[in-house]
Amino acid sequence: MGLQTAKWPSHGTFVLKFWLIMSLGLYSHVSKLLACPSVCRCDRNFVYCNERSLTSVPLGIPEGVTVLYLHNNQINNAGFPAELHNVQSVHTVYLYGNQLDEFPMNLPKNVRVLHLQENNIQTISRAALAQLLKLEELHLDDNSISTVGVEDGAFREAISLKLLFLSKNHLSSVPVGLPVDLQELRVDENRIAVISDMAFQNLTSLERLIVDGNLLTNKGIADGTFSHLTKLKEFSIVRNSLSHPPPDLPGTHLIRLYLQDNQINHIPLTAFANLRKLERLDISNNQLRMLTQGVFDHLSNLKQLTARNNPWFCDCSIKWVTEWLKYIPSSLNVRGFMCQGPEQVRGMAVRELNMNLLSCPTTTPGLPVFTPAPSTVSPTTQSPTVSVPSPSRGSVPPAPAPSKLPTIPDWDGRERATPPISERIQLSIHFVNDTSIQVSWLSLFTVMAYKLTWVKMGHSLVGGIVQERIVSGEKQHLSLVNLEPRSTYRICLVPLDAFNYRTVEDTICSEATTHASYLNNGSNTASSHEQTTSHTMGSPFLLAGLIGGAVIFVLVVLLSVFCWHMHKKGRYTSQKWKYNRGRRKDDYCEAGTKKDNSILEMTETSFQIVSLNNDQLLKGDFRLQPIYTPNGGINYTDCHIPNNMRYCNSSVPDLEHCHT
């Protein structure tokens, strides 16, 4: 018994401790639930006090809360109790859309993410940010912060700040004294016109800089301003007033550069020389008419280049861009190079530009500078094509009769043609009809192949308008078909050697205008072909007329059938209405007096039953019932005839009647 008595106290102590622990845990849980402010809603570690028209932060924010939602209220700077600063568990606070005019004090000391956008904050003090030593992300967008409203060195007090957003404020310059560990800075949509060389001096960790939508010019940016940003990966300076890209851009890590919507009209050759890791470049919506040759040579890692909406002038100075675009690697995506001038190539892609369409003076070593004079062909001055035998390698072919070349005496007294450079290729054009031209040529040197190009003039040129054909060197003529009547075409002939290229000096171009109606009286074939072409051109209109007439005929037939059907239906309805009306018990005889629904008193000695519908027989049977006359006689005639068309006469005298 003594041993058993000794064990009971130990067991009771264990049970007591167990119940005590359970009670404390339950109390702690209940106390947390009861600690939630009455005007808020608590869900685990989140407290929702947003959109409740609060003018101050509610008291009693429990410990353990990590995210505090206070946005879209009417909280002012006096609405932050001192006890809020001691809630250590809160790391994210949403205070956007309130009525703050200063950076608030007494925020939770360990807050890391703070949203203060869409307030009316005008001043930022060092004391306010000195309380937030762990702040990493600060959103101050869409406030009224000015440069003078930021105390010197205020942002430097937030020693842990990594992301600073100051978009849509009233800054006239970039604040000086930013935290050295800052990684992203947004000062877009402000009034910044000046960036001093000290603004980014210590920001060696900055990776993303956005200064879009400001008043920056090249004069307002100090020399070497961006050279300190050695880790910068993205730089956007869109919607400013730059005339050329900012100098001294850091090229160690820069990947994305956005320069669109400025006034850039010139890009220096060395502007992108150090940007060897650049992958994306946007120069759209500027005033660029040309580019310095080799400006993109150092961009070995470029993946995307956008150059839309620039007034590119496609003369000889842009020829290098055309060649560069043809040989860029497939990994590089280039968009936006479209010619805006001169008029003959407006709207044409620079990549597809044919230099033969332009008058480009070229210089050849040992030869004077010249410009081949294009022979403008008129339909009234063209001569028929001259057949010339193919030239052989050992002899100089004779010149065509219409244009004889100058000659000089040879060593044996014979004369040989020695044409100037501009006349080493003879080009002639013969009009077959209004949609076909035959081009003939004669070369005074050996040619492996020819490239003949033609394009319609006077219209905006897009891809596919310039047509070309490669022909062998033995061929000396080619027919161009499916041309438009009364249109001017520029035709160029380019001789190609074994490597498919020759100097531009041997290229010859000519312009020819097709006519609306050309009839060759001496050639029945051409005339017949022209008539066939005219018939072919008119056949679509004939087919369209036939189809239109057939459609109109079908519509008229359908309308006639519909009207006939409606007329027939209306007639049947009218007959049916008369038939129903004829079955009423008021319409039995020509004369009589209705007594009730079953007796009809006749006042005449005879009566006649007639059909009320002359088109079809009435349905049903009619029987004349016996009539008791005053003298006691019964006289009736059964008119039970299906068609009800016989007359029933009665010999009953006209006497006074009485009701029985």
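Keep in mind that glycine also has a Cβ here, set from the backbone N, Cα and C atoms.
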- Item | Whichever of Cys36, Cys40 is disulfide-bonded to Cys49 when Swiss-Prot is consulted | Cys40
- Task: Look through Asn202, Asn521 and state which residue has the annotation N-linked glycosylation site in Swiss-Prot.
- Result: Asn202
- Answer for the disulfide partner of Cys339 (Swiss-Prot, candidates Cys314, Cys316, Cys360) is Cys314
- Note on the structure: Per DSSP (helix/strand/coil reduction), Cys316 (disulfide bond) sits in helix
- Message: Can you break down the domain 'LRRNT' (36-67) into helix, strand and coil residue counts using DSSP?
- Response: 0 helix, 7 strand, 25 coil
- Relative to the Cα of Cys339 (disulfide bond), which of the disulfide-bonded residues Cys36, Cys40, Cys42, Cys49, Cys316 has the closest Cα? Cys316
- Message: Can you tell me how many other Cβ atoms are located within 10 Å of the Cβ belonging to Cys36 (disulfide bond)?
- Response: 19
- Residue list, the repeat 'LRR 6' (183-202) vs rest of chain: Cβ under 8 Å, 6 or more residues beyond ends. 141, 162-176, 208-217, 220-226, 228-229, 236
- Cβ-Cβ under 8 Å from Cys40 (disulfide bond), same chain, 6 or more residues apart: which ones? Val47, Tyr48, Cys49, Arg52, Pro58
